[in-house]
Amino acid sequence: MGVEHELVVVDEFDALSIELKRPNGSSSSSPSRAVSVEKYPAKTHARKVADKLGVDKGLIYLQGKPTTTYEDSDMEPPFRQRRYFYYMSGADFPNAHLTYDVATDQLLLWIPTRQPREELYLGRIPSREDCMSRLDVDDCRDVVQMTRFIAAHLKHHPGTTLFLLHSDQAPGLDDLPVQYAGRRLDIGRLRLAVDAARVIKTPFEIRQIRRANQVSSEAHRAVLRQIRHLRTEADVEAVFVAACRVRGARSQAYNPIAGAGANAATLHYVDNAAPLKGKQTLVLDAGCEWDCYASDITRTMPAAGRKFSPEAQTIYRIVEKMQNACIDLVRPGVSYLFIQATAQLVAIEEFLKIGLLVGDKAKIAASRVVSAFFPHGLGHHVGLETHDVRSERLLGYDKSSAALWRGKRLVMSVEQCDRVAELMVTARQQGADARDALAEGMVITIEPGIYFNRQYIEAFCSDVPERGSFINKSVLDRYYPVGGVRIEDDILVTADGYENLTTAPKGEEALRIINGDDVEADAVLV
């Protein structure tokens, strides 16, 4: 059945709606971005931060992202607001600042103004009235008055600490009282407090992340509908980004990964340029932002044709089983590291069934050979960042391990692999007070993957020759052409379990869409 469509303006902000015309003359519209009347809960977030700071007085200062240009250029990069500032303000435009007086609970947003000539070139920025109507702040004031305000506040409240995020983001206070020199400036505690506040999402934040997931899931669905007609990884990326854009999502949460065949075995592959023909799998790891809040979704599909090869189907089913087992464990108090161990244990059991691994299961677990195929952490927090604050804590890392982060996935250290191996052998759940325990209001990813990266597998096994003794090389050779399989959903931890925020099709549902059995296919533009 044919369906006509047209783009129409639905409000004064020029939001676009996809108008669907059906043969009977009826129509339906899906606004790409409706005008929200709900204020951003800046005050709620500020109070959470103050609570985590554990103080009853003090002045918090945060600086928004200033206008910048590329190095040796007069061209501006796409604007991306500083996330710590956005969390406490909701202001998504450059050159703004905020102050929060803990004692009086006063949250002020300091905003710039543009002269008519600047507006001619750059357009207008939100006015005081705009900000007051959309953001839950006590007042919006002209930024030119800010330094005078802060200096006066510190002068008249000599016992007050000024909390800063970074030393290079301090307000320029020429008349800062001498007695403050190095003694009442706190640089360090604010970041920890904001991190602690951000890790548990407010209802507003959950709605934003859910919306980002809805848009991204529809974009993944659009790719599934068209994948048999696409020729390159670039085509896949283009379809996904376009589908997000027409639904009102202006930015991607991270650079999309569209890797086919061997490229699917590169965790952070972003070239997205190779042909799809002749490849067994396509890993599409892509998610949009909605008002600065991220989604993070991965789906694996046949790169060409209507179905997986037998080998790719086998690996897909294993990863699917890994993910289902892990998601079923999500609830408050559960150790995330234990969930990671569960994923690896499922992989070992399934590898033994297909003959990829041979030997005693306990010895295989202790050898950590499964990390040759599943080398990364199971997931991370999602929020204002794709890899949101405190994600390293999910796998028991401390700040000294920050260098182990590589993009969206954590490189498992030897120590962490040993801890996971111990959990696999003992099947022992850590206590609810563990630093990696889940809590209500967290949004995390569950993203197991299996990869056949020849160079990595050979190097991993050569480091400890015993590992290679557990791998059946002839079986392994059959699976190298698969490349890789990863499945990733965003999971909200609820009071008694979880809610899967991701609705992107996977498994048999995805294959039905690829094969044209999607009953909704004629009612969507992209």
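Glycine is no exception: its Cβ is also placed from the backbone N, Cα and C atoms.
The Mn(2+) 2 binding site feature in Swiss-Prot is assigned to D285, D296, E488; the stated evidence is similarity to another entry.
Counted within 10 Å of its Cβ, the other Cβ atoms near D296 (Mn(2+) 2 binding site) come to 31, all protein chains included. The Mn(2+) 1 binding site feature in Swiss-Prot is assigned to D296, E447, E488; the stated evidence is similarity to another entry.
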Legend entry - DSSP three-state assignment for E447 (Mn(2+) 1 binding site): coil
Legend entry - Integer Cα-Cα distance in angstrom, E488 (Mn(2+) 2 binding site) to E447 (Mn(2+) 1 binding site): 4
Legend entry - D285 (Mn(2+) 2 binding site) CB neighbourhood, other CB atoms within 10 A: 26
Inset, instruction - Round to the nearest Å and give the CA-to-CA distance linking D285 (Mn(2+) 2 binding site) with E447 (Mn(2+) 1 binding site). - result: 10
Inset, instruction - Determine, to the nearest whole angstrom, how far the Cα atom of D296 (Mn(2+) 2 binding site) is from the Cα atom of E447 (Mn(2+) 1 binding site). - result: 10
